[in-house]
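Colleague: Reproduced below are the annotations present in Swiss-Prot:
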DOMAIN    6-124  domain 'Response regulatory'
MOD_RES   Asp57  4-aspartylphosphate
DOMAIN    162-343  domain 'CheB-type methylesterase'
ACT_SITE  Ser173  active site
ACT_SITE  His200  active site
ACT_SITE  Asp292  active site
Amino acid sequence: MRKKIKVLIVEDSLVVRELLKHIIGSDERFEVMAAVTSAEDCLEMLETQQPDVISLDIRLPGMNGLDATLKIMSRRPTPIVVVAAQVDDNELNIAMNALRAGALSVVEKPVGVTNAGYDTMAAKICTQLAIMSQVQVVRQGINRGLNFGSDDTPARVSQGRPGTYSMVGIVASTGGPQALVQLLGGLGADFPLPILLVQHITSSFLEGFVTWLSGTTPFEARIAQDGEKPVAGKVYVAPVDHHLGLVNDQLVILDLPAVCNQKPSGTVLFGSMARDIGKHGIGVVLTGMGADGSEGLRQMADKGAYTIVEDASTCVVNGMPAAAAKLGAARETLPLPAIAARLRDLALGGEK
């Protein structure tokens, strides 16, 4: 018999706590090790017991979810899935910063069993807990998660012909927000190319994610609008439940079927870049589940674009990068801290 995944639930609301116990306890993969009401209780329990994964509320009495994440990752590193309500910008900001501090993913708080979205939401919570329980987390200094920058980023390796590349496309899923903060921070405010981004994220968190990205990186992040002409200094994020594409150097918002079970899809973005700018594009596949982006990246590579996938050593989940590499779509496979250096080199100097 397969060993069950031990889950520690940290949630102060009695209603939500009981609902999480029901959702997780009804899945035969899990064992609810305990359900506590505060971060302090969680930390005390971790002194003597080790869950496989923690379901962590953000808004708690006393210590909030961000501070709890920092302490957990410095004292007793454990995979953390943040469970957040989409109620206000402050809660979303805390949730996103918890990712920077070492939490692995954010999911939406469950709704009542009679709600139309209950089954989908419950399945997503269980999927995230199961996947994240397998991630090998490491001890982090108390401030490490809030200090992503370019310190670990190698210097540019060469200079060549400016103007070879005109645009960067990025796709990310699980682990993406924290990876993007590190990557974009390493690019610097003088990075000369527009950036188009597909981030798989719960729709109710998208606007908060975009605001958070603007506040934590040198770039202005915004939800892409149909007909916009991308310019340097901005990150154009695919909107909720629509694909993002590029036609005649302008953004297009497409209401087409999902690709690789994703809408928006990185493959749609990359495919449009391959057709529109060919060898002048750069495509990057970051951490994430599934295979989205792999076929589109192959199309970019076939057109002579520069294609990069994140190395497994720095991925939270190595699904999408591995799928792209398996297709032969990756010109380079790089650990996350090296990707920014390579992008700067390409944008400012051409090919290596």
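Positions of Cβ are set from backbone N, Cα and C atoms, glycine also.
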Colleague: Provide the number of Cβ atoms within 10 Å of the Cβ of Asp292 (active site), excluding the reference atom itself.
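Modeller: Asp292 (active site) is surrounded by 32 other Cβ atoms within 10 Å.
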Colleague: In sequence order, which residues at least six apart in the same chain have a CB under 8 Å from the CB of the residue listed as '4-aspartylphosphate'?
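Modeller: Expected: Val10, Glu11, Asp12, Ser13, Val16, Gly65, Val83, Ala84.
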Colleague: Can you tell which of the active-site residues (Ser173, His200) has the fewest other C-beta atoms within 10 angstroms of its C-beta?
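Modeller: Comparing Cβ neighbours within 10 Å for the active-site residues Ser173, His200, His200 has the fewest.
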Colleague: State the Cα to Cα distance, in Å, between Ser173 (active site) and His200 (active site), rounded to an integer.
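Modeller: Ser173 (active site) to His200 (active site), Cα-Cα distance: 5 Å.
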Colleague: Sort the residues of the domain 'Response regulatory' (6-124) into helix, strand and coil with DSSP and give the three counts.
Modeller: 50 helix, 26 strand, 43 coil
Colleague: How long is the line from the C-alpha of Asp292 (active site) to the C-alpha of His200 (active site), rounded to the nearest angstrom?
Modeller: 10
